[in-house]
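See below for the structure under consideration.
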Amino acid sequence: MVSPVTVVKSEGPKLVPFFKATCVYFVLWLPTSSPSWFSALIKCLPIFCLWVFLLAHGINFLVSHRSASRILAGLIFSAVGDAFLIWQEQGYFIHGLLMFAITHILYSSAFGMKPLDLKAGLLMGFVSSSCYAFLYSYLSGPFTYLVAVYIALIGFMGWRAVAGVQLCNDLWTWTKLSACVGAMLFMVSDLTIALNEFCFPVPYSRFIIMATYYAAQMLIALSAVETRDEEDFRKRS
């Protein structure tokens, strides 16, 4: 297994643009009350940097490793979803929801169905059902069904990420753990959006949503490079 120190040395420099773009977003903190293409660009810029991060590993790597290419595709749909949500008050919230639903399907496919880990599945099913049960009384119209489908998809994605860790069997790698933590942070981000959008104002909601979202996307992007890191490590050894 590749050590975390080796990973930091090999992958850290490629993530510098992402960290800089994230800092730009939080420093500028453009008001959401006046959406524009500039604010959309600033919001999407960290995700664009994660595209570059994955592309820096080579087109051949992405083509030959389906999990990495699916995560890249998920990041692309995420950026489109981010852009739609800039104009959510103008009626594009559902469009953003759809883009992120596709993202979760792609991430679930990237994480795979092995090992199955039904216990983790039952746990994530319970968490997802509890979240929907709480939100249900606040929902109306098509959101009653759309939110149910979305929660099911992100819960499934979380299950596949958690199932891959296998801490008890000592079969985990740093990238599987990265995917797991990333998926959990994504769920926190989306739950905060749902509470703030449908239930009640969440204090510091925008900061919580974006901080957990960017961290989640970075960790999920990192989970795509496991095979490449192992190959490079073996060559150096």
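A Cβ is built for glycine as well, from the same backbone N, Cα and C atoms used for every other residue.
Note that TrEMBL annotation is computational and uncurated.
Going by TrEMBL, these are the annotated features:
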- 37-56: transmembrane segment (TRANSMEM)
- 68-87: transmembrane segment (TRANSMEM)
- 93-113: transmembrane segment (TRANSMEM)
- 120-139: transmembrane segment (TRANSMEM)
- 145-162: transmembrane segment (TRANSMEM)
- 174-195: transmembrane segment (TRANSMEM)
- 207-225: transmembrane segment (TRANSMEM)
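Same-chain neighbours of the transmembrane segment (174-195): 1-2, 4, 7, 100, 107, 111, 131, 135, 147, 150, 154-155, 157-158, 160-162, 164-166, 202, 205, 208-210, 212-213, 215-220, 222-226, 229, counting only residues six or more beyond its ends whose CB sits under 8 Å from a CB of the stretch.
Among the listed stretches 37-56, 145-162, 207-225, the one sharing the most Cβ pairs under 8 Å with the transmembrane segment (68-87) is 37-56. The stretches the transmembrane segment (37-56) and the transmembrane segment (207-225) meet in space: the count of Cβ pairs below 8 angstroms, excluding pairs fewer than 6 apart in sequence, reaches at least three.
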